[in-house]
Structure formats: C-alpha cells, structure tokens
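Features of the protein shown, as given by Swiss-Prot:
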type: COMPBIAS; residues: 1-12; note: compositional bias 'Polar residues'
type: COMPBIAS; residues: 33-47; note: compositional bias 'Polar residues'
type: COMPBIAS; residues: 79-98; note: compositional bias 'Polar residues'
type: COMPBIAS; residues: 99-108; note: compositional bias 'Basic and acidic residues'
type: CROSSLNK; residues: Lys56; note: ubiquitin cross-link
type: MOD_RES; residues: Ser2; note: N-acetylserine
type: MOD_RES; residues: Ser43; note: phosphoserine
type: MOD_RES; residues: Thr45; note: phosphothreonine
type: MOD_RES; residues: Thr49; note: phosphothreonine
type: MOD_RES; residues: Tyr53; note: phosphotyrosine
type: MOD_RES; residues: Ser64; note: phosphoserine
type: MOD_RES; residues: Thr69; note: phosphothreonine
type: MOD_RES; residues: Ser82; note: phosphoserine
type: MOD_RES; residues: Ser95; note: phosphoserine
type: MOD_RES; residues: Ser99; note: phosphoserine
type: MOD_RES; residues: Ser100; note: phosphoserine
type: MOD_RES; residues: Ser111; note: phosphoserine
type: REGION; residues: 1-47; note: region 'Disordered'
type: REGION; residues: 64-117; note: region 'Disordered'
type: MOTIF; residues: 53-59; note: motif 'YXXXXLphi motif'
type: MOTIF; residues: 113-117; note: motif 'TOS motif'
Amino acid sequence: MSAGSSCSQTPSRAIPTRRVALGDGVQLPPGDYSTTPGGTLFSTTPGGTRIIYDRKFLMECRNSPVAKTPPKDLPTIPGVTSPTSDEPPMQASQSHLHSSPEDKRAGGEESQFEMDI
C-alpha cells in the first residue's frame, strides 16, 4: 500500500430486524430455541463467535455430490464402515426386526448378555 492512498468509508446502515410476539413460551419447544420459523439455525461457540446457517445453504450442502461420497482413506471396520463378511446388510438389519416372544423376559427385563456355565 502506498502512503498516499486514501480510505473511503461506507455509510452505516441498520441491521434489519423483525419482532415476533410470543405468548407464554408454549409456541417454542425446548428443541427449537436455536431455529427460526424460516429454518435458519444459529448458535455460538464457547469463544462467543456467532454461527448462522441458512436453510437454503444447508439444503444445498445436503444435496451436493460431496455429501454423497464417502471420505477417502476410511478404515475398513466390518459392521461399521463396511458390511460384515458373514451376512449381507439387508439380512442383518431385518434380523433385529423379527424377534420372537420367547426372546423377551416377562416384566420387561432382558438379560444384558448370555453366559454358558
């Protein structure tokens, strides 16, 4: 930068705001404190930095090709990052859906694990 350059200031403008009158707080359940009716999410970091995610931006990120591709150099963990080698993934997920009444104990108690003695 040269010593002879001048800086021009832009005029300040007010930030547009909108006030919404809420009744007794019933309109906002506890999970919706950081969202707006338009779908914008906002939060702050422990350092005080404000983070605002617009709904349109989040939807674009969700539908982007980058979000649909798996990360590179992902380790192979059977059953977590890849299907188990013993059974296909469809059979594994369906086996949990069809549990017989004999598997469950009376009174809602289920054993944490089984042990042969």
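Even glycines carry a Cβ here, placed using N, Cα and C.
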Rounded Cα separation (Å) that holds between the residue listed as 'phosphotyrosine' and Ser43 (phosphoserine): 9
Segment-level pLDDT (mean, integer) for the motif 'YXXXXLphi motif' (53-59): 82
Closest of Ser43, Thr49, Lys56, Ser82 to Thr69 (phosphothreonine), Cα positions, recorded positions only: Ser82
Candidates Thr49, Lys56, Ser64, Ser82, namely the recorded positions, that fall within 10 Å of Ser43 (phosphoserine) by Cα distance: Thr49
By Cα-Cα distance, the member of recorded positions Lys56, Ser64, Ser82 nearest Thr49 (phosphothreonine): Lys56
